[in-house]
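Notes for the one structure printed next.
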Amino acid sequence: MDRGKKIQLKRVFGYCWGTSFLLINIIGAGIFVSPKGVLAYSCMNVGVSLCVWAGCAILAMTSTLCSAEISISFPCSGAQYCFLKRYFGSMVAFLNLWTSLFLGSGVVAGQALLLAEYSIQPFFPSCSVPKLPKKCLALAMLWIVGILTSRGVKEVTWLQMASSVLKVSILSFISLTGVVFLVRGKKENVERFQNAFDSEFPDISHLIQAIFQGYFAYSGGECFTLIAGELKKPRTTIPKCIFTALPLVTVVYLLVNISYLTVLTPREILSSDAVAITWANRVFPSLAWIMPFAISTSLFSNLLISIFKSSRPIYLASQEGQLPLLFNTLNSHSSPFTAVLQLVTLGSLAIILTSLIDLINYIFFTNSLWSILLMIGILRRRYQEPNLSIPYKVFLPFPLTAIVIDVGLVVIPLIKSPNVHYVYVLLLVLSGLLFYIPLIHFKMRLAWFEKMTCYLQLLLNICLPDTSEEQ
């Protein structure tokens, strides 16, 4: 270790990096692959589907601003953990942490599998991608990204900025192409917008399903609760980033969907597994290979940021004494190496042992449960501490709206496809009590693990962080 260099997580990220970080978290593969879900549940009514996309942006803004209140109130890396610990107690905070150990690993495993699938797909144009090469490539990508993340924030910063520029550029290209087709005024391009609301209107159940389909594409706005401790002036930076990124995403999403509908008919969109690729085949057949590349680039940046942000609560919880001291260590690049290593290792096991669809279903189900509890915490704070001075208070109906959405995300999977595996997910959450009661509540110490921690510090070249001057 360099004796003259302070080893600690520092507030090094400003407005530009924060906006880019939020853009990458929100814009995933969904806008490239599956806008057909909204159109399908809108009964192929073009006007209704576009209204749903606009409405989902408003709903996403409400939940993102709720998360912003938590991040600004607790400006540390792992704000939701601190929030739960204060308003629901140490045990609930630990169960959230216990869940995040597996949830974060599941997220990175799912993203690595998707990345591998779209990277290999061009080599298998007429059939599905074989499982073995897909899983091998997913493992390789996961470990490469893990190594990059452990090299510190500089590598993450330039990769993130480059990939966010590329991602937005590709979406802007799709959007502008659609605008050009509309300006030309050819009948086959504009007829779907002249009578946009003439098709059958969906009933309320289908409309709700369409809203949930669109809401998934805007998910990811809560990311500042995980990295607030590394943002400069989080009280002002977080709101500015949100009010820059979300309107931009909304405009881009609407223009991209208009571009899809300009080139393709609603039935062609519904019959496509990857709408962006079908769009490219129609508009620029010789450049259709760019779309799998665009999706892969998008997922690579999402994977990079997911490992980066998911390692922070583990590091914080170790500082709070709820995880072994080993996770409260940094390497010479001021990166929580052991937390990254734990995420990549569990993610590798998830890639080997589970399927992608199962991962996605259980991740959203569990994440929605904790999101409900966070929103209840905001309401509880308003009731119990009405005169508490906090830098930012979200408009009270916003957490109520977020609760309604998250309850729907929990209930609808249980009604549509009841599965005993959801019971196993709840048991996994509660199994954290087997560790909390003896190790945290009764403060049981394992001498052999403390000795192993010393050896691992030497082996991995890691150390406890230097004391921060920040209060």
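Even glycines carry a Cβ here, placed using N, Cα and C.
Now, the feature entries from TrEMBL:
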TRANSMEM  12-33  transmembrane segment
TRANSMEM  95-116  transmembrane segment
TRANSMEM  165-183  transmembrane segment
TRANSMEM  241-263  transmembrane segment
TRANSMEM  283-305  transmembrane segment
TRANSMEM  337-356  transmembrane segment
TRANSMEM  362-380  transmembrane segment
TRANSMEM  392-415  transmembrane segment
TRANSMEM  421-442  transmembrane segment
Return the stretch with the most CB pairs under 8 A relative to the transmembrane segment (362-380), choosing among 12-33, 95-116, 283-305, 337-356. 95-116
Do we see three or more Cβ pairs under 8 Å linking the transmembrane segment (421-442) and the transmembrane segment (12-33), pairs being at least 6 apart in sequence? no
Is the transmembrane segment (392-415) in contact with the transmembrane segment (283-305), using three or more Cβ pairs under 8 angstroms as the rule and ignoring pairs under 6 apart in sequence? no
Cβ under 8 Å to the transmembrane segment (12-33), counting only same-chain residues 6 or more beyond its ends: which ones? 60, 114, 118, 153, 157, 160-161, 163-164, 167-168, 171, 216-221, 223-224, 227, 230-232, 237-238, 240-242, 244-246, 248-249, 252-253, 256, 273-276, 291, 294-295, 298-299, 301-302, 305
The transmembrane segment (337-356) and the transmembrane segment (95-116): do they have three or more Cβ pairs under 8 Å, with pairs 6 or more apart in sequence? yes
Could you tell me what the rest of the chain brings near the transmembrane segment (337-356), counting residues at least six beyond its ends with Cβ under 8 Å? 101-102, 104-106, 108-110, 112-114, 117, 135, 138-139, 142-143, 146, 149-150, 307, 310-312, 314-315, 326-327, 329-331, 456, 460, 462
